[in-house]
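Q: Copied straight from TrEMBL:
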type: BINDING; residues: 44; note: substrate binding site
type: ACT_SITE; residues: 71; note: active site, proton acceptor
């Protein structure tokens with residue numbers, strides 16, 4: 001059976017299913033917090049790109065904790081959690097975050113030996129959306 005524009009109706013249904021799938025993945029991504037970092041201290045962080053498997057829809061997220069001895073320890077926790085949601089991750093790099101919640105200041109700096117330096121400017125923009133009342137800076141300094 002053909003539609004008015006001479007396309008098989010089946011392909012229109014498939015297109016609709018793909019569109020619904022893309023919307024569902026975009027909704028899943030929207031539910032993932034952009035930022036999850038420790039409330040105080042200096043610790044390692046990573047910038048991660050999360051995307052739908054076999055899809056183009058993605059978002060970048062920041063994860064950091066003082067419980068991680070190495071940057072890959074953070075990724076080893078984030079990756080399975082995202083896979084459980086049907087998403088895949090790629091670590092874009094890492095560094096350190098100095099978080100002073102008393103003074104409402106965050107400094108992003110350094111790099112990851114395993115993943116390289118994250119784009120700190122991107123990380124800071126994510127942090128600013130979450131910590132809008134903070135002074136947030138970044139530098140390429142290693143310390």
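For all residues, glycine too, the Cβ spot is worked out from N, Cα and C.
How about a rundown of where these features are and what they're close to?
A: Other Cβ atoms within 10 Å of the Cβ of residue 71 (active site, proton acceptor) number 26 in total over all chains.
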Q: Using Cα coordinates, what distance in whole Å links residue 44 (substrate binding site) and residue 71 (active site, proton acceptor)?
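A: Between the alpha carbons of residue 44 (substrate binding site) and residue 71 (active site, proton acceptor) there are 6 Å.
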